[in-house]
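According to TrEMBL, the feature domain 'Peptidase A1' maps to 74-390. The active site annotation in TrEMBL covers Asp92, Asp273. The disulfide bond annotation in TrEMBL covers Cys105-Cys109, Cys308-Cys348. The region 'Disordered' annotation in TrEMBL covers 417-513. Marked as compositional bias 'Low complexity' by TrEMBL: 417-489. Per TrEMBL, the feature compositional bias 'Polar residues' maps to 490-500.
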Amino acid sequence: MFIIIVSYYEIAAAKQLFKIPVNRIQSRSSTTENCTASSTNEIICEKSSRTFGKVAVIKSSAFESLINEADEEFIGTICIGTPCQSFLIDFDTGSSDLWVPSSKCTSGCSGFSKYTSSASTTYIPNGKAFSISYGDGSGAKGTFCIDTVTINGIAVRNQTFAQCTSLSGMNGDPSDGILGLAYQSLTSGGEKPVFYNMWSQGLIAEPVFSFYLNPDVSASTGGELIFGGVDSTKYTDSITYIPVALEGYWEFQMTKVTVGSAAIASSGYAIADTGTTLIIGPNKQVTALNVALGGKYDSSSGMYTVSCTTRTLSSFPNVTFTIGGTDFVLTPLQYIIIYNVSKNSYVCYSVFVPDDIEDSDDNDFWILGDYFLYWFYSIFDINNNRVGFAKSISYDWKQPVASSLFLGTATSSNTTTAATTARSTTATTARSTTATTARSTTVTTARSTTASTTRSTTASTTRSTTARSTTTQKSTTKYTTKSTTITTTPRKNMTSTTKPYQPHKNLHRRHHH
């Protein structure tokens, strides 16, 4: 597990812009058991994964590396109560609840920070039951309560959240809980989410938050979450805004998806989700996409591999998502994940995962996870019910590539000839409060839940029938910076409003029962 301690916020005259670093941490990397030696002397272990469920893996294999990275989380630090009690929290645009373990937890809470209500002078009891369970056997139960939640100096008063008295299947998770950033209709108990209260209490100048996720694994921070607006230093060109089509997730219309010049999907829907790592789409469409890339299905992972040793880089086409009249282009090195299995031996995966997921209107939708958000700065505007994307300042960053790959054609300023381009196959899950700069790249989806909530019948939740969009030129507003210190570390969560979310057809479901 990697922990980075650094934070700051920005305040400008008549405008508050709070910036919170979010960083990656691997979880569950050491939860292997029942290891045996095969006839070929390979060590095969049973591994518990938040993403894949329980699977059998070969030690130090590419699949084990994929699992370790799949279970990474983007987290930061918040505190709850008066005086503050600190927690490592996953900031997730794919869910809406806030929950942390309680000091009264009697099961499964070892190693987690716990909320002690009796130690807070601002605690208010609520008593309503809270329960979330996941299809991989994990879950959390407790009760709702009310207290002050502070995020990097922003004190959100009278915030309803859940204090959990029982956790199951979460040993080794690096974060203590989840802070959801989706719409109120996705909450488990109908409570007002944290971001809603930030705005209603006048703590931020605009009901907008935005994410910059950094793909550079050697950077000192994994990105930042900005409350109250956008950071114009983190994107280039203009912002394309798309109206939210159905409140709950940040769901919007997507015009088409093309591979090279061939369209493989049209007139679909998508959500932007920081709690998912890969890009997931309807089975038929994503299968066609991967076939067009020359991919081969890997039944062990439920993903597609592509050949990065027998083909040139230029033989792989770009993949383009057309949203709101703007083309968002992913180049080959932005959608191919490279693993070094052993010296001069590599396995390459496509980030596109097939899975049929439906919203509450029974429409299939795509999940644009971190491997989309790395390249495009994302903006979430609740007041105007819209999502915005702009080219990230990290768009031109390229992952290091060994000179032996792609027949030696993947030259870039980041290219290396050493075997150190391999992604790490091990990681520690021990908690720590010290700063560490080592980093790792994320892959696939995080824990999924199904929020059994009733969707509002007001006009604000009806699906838009027009693909309206606006393009805004990049702001040139400058902000003054102020330093402070905050502990940050990572986690992910994925929810579905109707059908259980299943990352891969051959893997365990993880959903809220």
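Cβ coordinates come from backbone N, Cα and C, glycine included.
Whatever TrEMBL says is automated annotation, not expert-curated.
Overlay of TrEMBL annotations on the structure.
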residue	record	Cβ neighbours (10 Å)
Asp92	active site	27
Cys105	disulfide bond	21
Cys109	disulfide bond	21
Asp273	active site	31
Cys308	disulfide bond	26
Cys348	disulfide bond	20
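The two recorded residues, Cys308 (disulfide bond) and Cys105 (disulfide bond), show a Cα separation of 49 Å.
Taking the C-alpha atom of Cys348 (disulfide bond) as reference, the shortest distance to any of the recorded positions Asp92, Cys105, Cys109 belongs to Asp92.
You'll find the Cα of Asp273 (active site) roughly 7 Å from the Cα of Asp92 (active site). Each residue contributes its Cα atom, and for Asp92 (active site) and Cys109 (disulfide bond) those atoms are 21 Å apart.
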